[in-house]
Amino acid sequence: MESGNRTRRISSFFLLGFSENPHLQFLIFVLFLSMYLVTVLGNLLIIMVTITQSPLHTPMYFFLANLSFVDICFTSTTVPKMLVNIQTQSKAITYADCISQMSVFLVFGELDNFLLAVMAYDRYVAICHPLYYTVIVNQQLCMLMVLLSWVVSILHAFLQSSIVLQLTFCGDVKIPHFFCELNQLSQLTCSDSLSSHLIMHLVPVLLGAISFSSILYSYFKIVSSICSISSVQGKYKAFSTCVSHLSIVSLFYSTGLGVYVSSAVVQSSHSSARASVMYTVVTPMLNPFIYSLRNKDVKKAVERLLEGKL
């Protein structure tokens, strides 16, 4: 009963953000508002292009449209609340809102993981089994893979939320971050349940490792297949279809890994928040540019859309 009473007394948390210097708040507000608008508009453009342009009605761009939608939601989970806090000069977030934000963030974070793996599989089939591509990667399989990604992501978020709701928070409820992140919440708890902490830390790593391993396997097979192509032009054409996806994979996983490395090495209370910006805000913002600038099909489709030739 004592543990339950201590948990109920926690009505809110305090998000410390990037800096407590009042002179930097306006700059942070303008910077993140700009990045958020670019992220939303850029990814909306990708979604519109893939829907309205018939040459892009293929599995590859179906997955890209889903990734763009997830990126919009991923960024919208954290940035708007931070902007409101800066505007109102309030760092508080209610207990219920904090748990909700954490849950939604986990859903879209895992969806990013799984969709990148699904897109790698799509490229693997297209390059290694081109004659059977339309048969293997059909509409039903595309819908099934996206649906399974949603189901697993939601179940994972539900699992983590259920665990966090059972934890006891006491004492300092200040979060040195700009959103309610699972790892930060686990550090605030005074519960000593080893099994809960293991699940909170190992399950996300396991899911990320599964997705990343499947991507590595897909690209190992892709590289092997490309090396067997005799002509240089054929090798270039095959590899060019993977460049955009490979760039996004490298950016997403390298920045995600950087968050954990920097938070472990640098002992600054705001270091994790600053590092998290890379994969929570910067990566979703850059994805549309990577696909529109490095992919000729998307680039041409964007030009047709902007010219009004739908």
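Note: Cβ is positioned from N, Cα and C throughout, glycine not excepted.
Heads up, TrEMBL stuff is auto-annotated, nobody curated it.
According to TrEMBL:
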DOMAIN    42-291  domain 'G-protein coupled receptors family 1 profile'
TRANSMEM  26-49  transmembrane segment
TRANSMEM  61-79  transmembrane segment
TRANSMEM  99-121  transmembrane segment
TRANSMEM  141-159  transmembrane segment
TRANSMEM  198-220  transmembrane segment
TRANSMEM  241-261  transmembrane segment
TRANSMEM  273-291  transmembrane segment
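Sequence-distant contacts of the transmembrane segment (61-79) (same chain, six or more residues past either end, CB-CB distance under 8 Å): 32, 35-36, 39-40, 43-44, 46-47, 50-51, 101, 104-105, 108-109, 111-112, 115-116, 118-119, 122, 142, 146, 178-179, 248, 280-281, 283-285, 287-288, 291, 297-298. Among residues of the same chain six or more beyond the transmembrane segment (198-220), those with a C-beta under 8 A of the stretch's C-beta atoms are 106, 110, 113-114, 116-117, 120-121, 123-124, 152, 156, 159-160, 163-164, 182-183, 186, 242, 246, 249, 253, 256. Confidence annotation: the domain 'G-protein coupled receptors family 1 profile' (42-291) carries a mean pLDDT of 87 in the model.
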